[in-house]
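Report on one structure; see the data block that follows.
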Amino acid sequence: MDERLLSGESAYEDADLEYSLRPQTLRQYIGQDKAKHNLEVFIEAAKMREETLDHVLLYGPPGLGKTTLANIIANEMGVNVRTTSGPAIERPGDLAAVLTSLQPGDVLFIDEIHRLHRSIEEVLYPAMEDFCLDIVIGKGPSARSVRLDLPPFTLVGATTRAGALSAPLRDRFGVLSRLEYYTVDQLSAIVERTAEVFEVEIDSLAALEIARRARGTPRIANRLLRRVRDFAQVRGNGTVTMEITQMALELLQVDKLGLDHIDHKLLLGIIEKFRGGPVGLETVSATIGEESHTIEDVYEPYLLQIGFLQRTPRGRIVTPLAYEHFGMEMPKV
C-alpha cells in the first residue's frame, strides 16, 4: 500500500505533533459536540458521586481524536492515564501487569481494542465488571486459580471497527460514543489553532481551503498544513496564503474534494475498464494492484461518504457525482 498523505491512520511523524497540539479539556476540544456534551455530563456525575467513570468505548474512522478524548477524560477526572494497544497485549500476563499497576480511579486506554485476542478479553471481563483479576498459578493437576482485587479504574477503548468487537466485550462498556467526521468550519478552526502553535501566519481563506480538502479529519488537516507551510517558507514569504495553499495542494495531488491519486486510480479504473460497474471487489483489487481488505477498509469509506461509490450485492458502482467530478459523461445503458 502506498504511503498516503490523506490517510487518517497515525504516521510516525504525527506522534510528537499530535501530542503538542492536544487540547487538555473538553472546553478546548473542537468538534464532536454530541459526544463531548454527553461526556461532560457523565464525568461531572461521576465526580459528584466520587466514583470512577463508567468504561467508555470510542469508535469511528481514524484520525478523529479518540486518543485525545481518552487523555481529556483522564485530565477532567483528575487521574493518570495508562496507554497501550490491542496488538501490544500478546498474553494474559501482559494485561495483568498493566492492570495491577493502576492506581485507584486511573484511566486505562486501549487503542485498537478490537485486535485483542479472545483469551485476553476473557481476563478483561471480570476486571471490567468486578475489578478483580483471576490468575492461574501452576500447570496441570496442581494448577489453581487465584483472584486478585484491583483498584476501581475506567477502561477507555478505541476502535475503528466497532463491529469487530465481541458482543460480551462491547456490552461491558457503559458509555459508547461514535465520533463523526468534522465539518469544514470545525476543521478550519483546528487549522488556525495549529498554525498558531506553529507560529505561522495563515489567511482565513487558506485555512478554509485546507479544511475542505482534509476529508473531515483533523489529523489530515494538520498534516496538509505542515506540507503547505513548507511551500510557504520555500516558495513564499512564510505566510500561508490562498495562492500558496492551492499551488501546494495541486503539486501534492490533492484535489478540491480531498481525493488523491489513489482515489482517482480506483474510480477511473472502474469507469474506464468496467463502464462504471457493477464490478466485484476482487476484480477491482486485481485491476489497481491493491489488496481487497485495504480497498474496503482504507480507500472506500471516504468515497462512500461523499457519494462517489456505491456497494451493491452485484459489486461496486461509480455514481453520477463521480462522473461529474471528472468531467465525464456516464455511459448510456
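Using N, Cα and C of the backbone, Cβ positions are placed for all residues, glycine too.
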| Out of Arg118, Arg170, Arg172, which is the one Swiss-Prot records at the ATP site of Leu21, Arg22, Gly63, Lys66, Thr67, Thr68, Glu129, Asp130, Phe131, Tyr182, Arg219? | Arg172
| request: List the Cα distance (Å, whole number) between Arg316 (DNA binding site) and Gly63 (ATP binding site). | output: 26
| message | A 10 Å Cβ contact count, applied to the binding-site residues Arg311, Arg316: which residue has the minimum? | response | Arg311
| Cα distance (Å, whole number) from Arg311 (DNA binding site) to Glu129 (ATP binding site) | 39
| message | Give me the CA-CA distance between Arg311 (DNA binding site) and Thr67 (ATP binding site), in Å, as a whole number. | response | 30
| field | the region 'Head domain (RuvB-H)' (256-333) - residue tally per DSSP class, helix then strand then coil | value | 42 helix, 9 strand, 27 coil
| field | Per-residue Cβ crowding (10 Å cut-off), top of binding-site residues Phe131, Tyr182 | value | Tyr182
